[in-house]
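Q: Checked TrEMBL, it gives:
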type     : residues : note
ACT_SITE : Asp91    : active site, nucleophile
BINDING  : Tyr146   : substrate binding site
COMPBIAS : 1-11     : compositional bias 'Basic residues'
DOMAIN   : 184-286  : domain 'Pseudouridine synthase I TruA alpha/beta'
REGION   : 1-26     : region 'Disordered'
REGION   : 351-375  : region 'Disordered'
Amino acid sequence: EENGHQNKRLKSNADEEDAEDQNKKSPKRKIVLLMAYSGKGYHGMQRNVGSSQFKTIEDDLVSALVQSGCIPENHGEDMKKMSFQRCARTDKGVSAAGQIVSLKVRLIDDILEKINNHLPSHIRILGLKRVTGGFNSKNKCDARTYSYMLPTFAFAHKDHDVQEELYRLDTETLERVNKLLACYKGTHNFHNFTSQKGPRDPSAKRYIMEMYCGEPFVRENMEFAVIKVKGQSFMMHQIRKMIGLVIAIVKGYAAESIMERSWGEEKVDVPKAPGLGLVLEKVHFEKYNRRFGNDGLHEPLEWTEEEEKIAVFKEQYIYPTIINTEREEKSMANWLNTLPIHDFNSSAVEMQTNSKNSKKSSDLEGSDGCGDDSD
């Protein structure tokens, strides 16, 4: 009996030593992970520690990192310990094809495979790269590209009786959509495109590099199109409101002049398109790549080798979710029915009143500084 206990003790000591050896062999290193996920059913990307009722993408990610042995369990409870930073805080229901997170992990063998084994199939780690010790994925990001997939009947004029499945976008309407989207390019004051900023808040000014709508395509008898937007950074709900306003103009609810007005100081009622179609496509690290990408020690943060995996993931998990949810829950069709409720032509007096009220409420709400669409 004594020998049995002795053997067990020796075995458990040996196991602990093995684990310690493994940890010594895999020192902690700063890395970035390339992530793709379908956001349906999640309350966004960012973890709310202590609030288990609102499940986020990071809850599943941290759990997989702990289970795979990349990080100790206590790092999962305090994410600062692993210097965790996400590039963009995607909102409730929003998906990503090219999200980047930076963190310190133990570089164990077959690390990607092990993490993915503990993740649901609609969340994948598609790539990993070593980065400089001080790298922070949010601060070092120069720009973000989002896409927004929507059924094209969203652009049908309000006075036309439209059968959603039969609607097809004509060239003239697509050209008008693109002319309006192009107006967003450059720097504008987007305080009307988020609930978080007042008109004189300097951080409400944002720089948009490009915005356009691609050629429409048919999926399961319904026509869709994808709008792409690249900007330095975005505020909460900004992209959805930018798209919502263009839809309101093209449908004939609002005059084109409302766009120019919305960048001024007065309060403008800007409708917010549904979250369903929004996807974080890509994050850009141009300055970092110029400085460290070819220094012989670090790789540039570009993911050309992973592009095929990204495309496959979108086809498997992101597009079907958007298409099926649109067909079943009719989120765009239901939202379009709310457009007549918006007041696109308030008088200056009403606007001043609204502005004062909104100033009071925004002072009460406070602002969380610079974030990303869906902060």
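Positions of Cβ are set from backbone N, Cα and C atoms, glycine also.
Nobody curates TrEMBL annotations by hand; they come from automatic prediction.
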Q: Out of Asp91, Tyr146, which of the recorded positions has the smallest number of neighbouring Cβ atoms within 10 Å?
A: Asp91
Q: Within the domain 'Pseudouridine synthase I TruA alpha/beta' (184-286) only, compute the mean pLDDT.
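A: Summing pLDDT over the domain 'Pseudouridine synthase I TruA alpha/beta' (184-286) and dividing by its length gives 95.
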Q: Using Cα coordinates, what distance in whole Å links Tyr146 (substrate binding site) and Asp91 (active site, nucleophile)?
A: 12
Q: Reported in the order helix, strand, coil, what are the DSSP residue counts of the domain 'Pseudouridine synthase I TruA alpha/beta' (184-286)?
A: 26 helix, 33 strand, 44 coil
